[in-house]
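Written out below as structure tokens is the structure these notes cover.
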Amino acid sequence: MSIRSNFVRLLKKQVSIIKLQKKCSHSVAVIGAPFSKGQKRRGVEHGPAAIRSAGLIERLSNLGCNVCDFGDLHFSKVPNDELYNSIVKHPRTVGLACKVLAEEVSKAVGAGHTCVTLGGDHSLAFGSITGHAQQCPDLCVIWVDAHADINTPLTTPSGNLHGQPVSFLLRELQDKVPPIPGFSWAKPCLSKSDIVYIGLRDLDPAEQFILKNYNISYYSMRHIDCMGIKKVMEKTFDQLLGRRDRPIHLSFDIDAFDPALAPATGTPVIGGLTYREGVYITEEIHNTGMLSAVDLVEVNPVLAATSEEVKATANLAVDVIASCFGQTREGAHTRADTIIDVLPTPSTSYESDNEEQVRI
């Protein structure tokens, strides 16, 4: 990296720090999305409750955030929701759920909140990103996941819509996505250069073809092993924020982590992110000062073998979200107004009683 590049990066970081100092108190909207019809496994609808029970609201409040908990959305199951093309499951139900979520996220972002959506399965990201884009059309997306979720309704091997949301979001893929029931309201809101994947390690053949043929940026676990997570984040920001600052939407699937850390999820894949890598991603996103919305999805308490596995996965989800809003690994810092900025000085009498003094 050249001296000029280092200088520009340092300057941008200083500008971001100034932005964060000016906005020391985030206004955060938390929206629960207890939805499971984008996949086949029971239990992911309990994800929002598990994450809340792990202390999310208290953690954000302790970080100085002004938290507005919007509660959980209600999603209706559409009767007679038949398969599309003999394979795509629950298209009308998923389409309606995404529409409901899009409206709620749009309201929250429009009211000035940074929006946190608790899933629920990853099909919901079509709704959250669409709603975000209604208020911030120039947004960019960082998609942290073991899977690319970019199959189309014509390439999906499973028929599960949680493996397809990105194909609905990208303008370049619209001639490949048929008009399926339940999605007549939907419009693509991203270009391929607006999204970067991190943590991929389980791609279907069609997904691999799409990523390479359309030149969509991604960093697999092999890339992370070879380059290191620091370099991955630098390249991610160079692409998404290199020319201008713009809102970031982070869509984080808990299965991006190794199953040893996040066992309570529906599609675990061995060889995932470490705790340090995952939290470094969110810490760096926070440091840009540009985070505008977060999805945390696919926590499934029912699939855990023990209550300890539920607790570990939910606690990890809370750490991911909290580090998006300033939680650091440098100590338990809380509200900015409680941070000590002047060290106490020993009194004269105290000093006289002690022959050996160590001065700071």
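Every residue gets a Cβ built from N, Cα and C, even glycine.
Residues His122, Asp145, Asp149 are given by Swiss-Prot as Mn(2+) 1 binders; from Asp245, Asp253, Asp258, that same site also lists Asp253. Swiss-Prot annotates His147, Ala148, Asp149, Ile150, Asn151, Ser158, Gly159, Asn160, Asp204, Thr267 as substrate-binding residues; of Glu234, Glu283, Glu284, Glu298, the candidate listed for that same site is Glu298. With Glu298 (substrate binding site) as the anchor, the candidate binding-site residues are His147, Asp149, Asp255, and the one with the nearest CA is Asp255. Among the binding-site residues His147, Asn151, Gly159, the ones whose Cα sits within 10 Å of the Cα of Asp253 (Mn(2+) 1 binding site) are His147.
Sequence-distant neighbours of Gly159 (substrate binding site) (same chain, 6+ residues apart, CB-CB distance under 8 A): Leu83, Ile87, Val88, Lys89.
Asp204 (substrate binding site) carries neither a helix nor a strand DSSP state and counts as coil.
Taking the mean position of the Cβ atoms of Asp145, His147, Asp253, Asp255 as the Mn(2+) 2 site, the remaining same-chain residues with a Cβ inside 8 Å of that point are His122, Val144, Ala146, Asp149, Gly199, Ile254, Ala256, Thr267, Val269, Glu298.
Here the C-alpha separation of His147 (Mn(2+) 2 binding site) and Asp204 (substrate binding site) works out to 9 Å.
Under the DSSP three-state reduction, Gly159 (substrate binding site) is assigned to coil, being neither helix nor strand.
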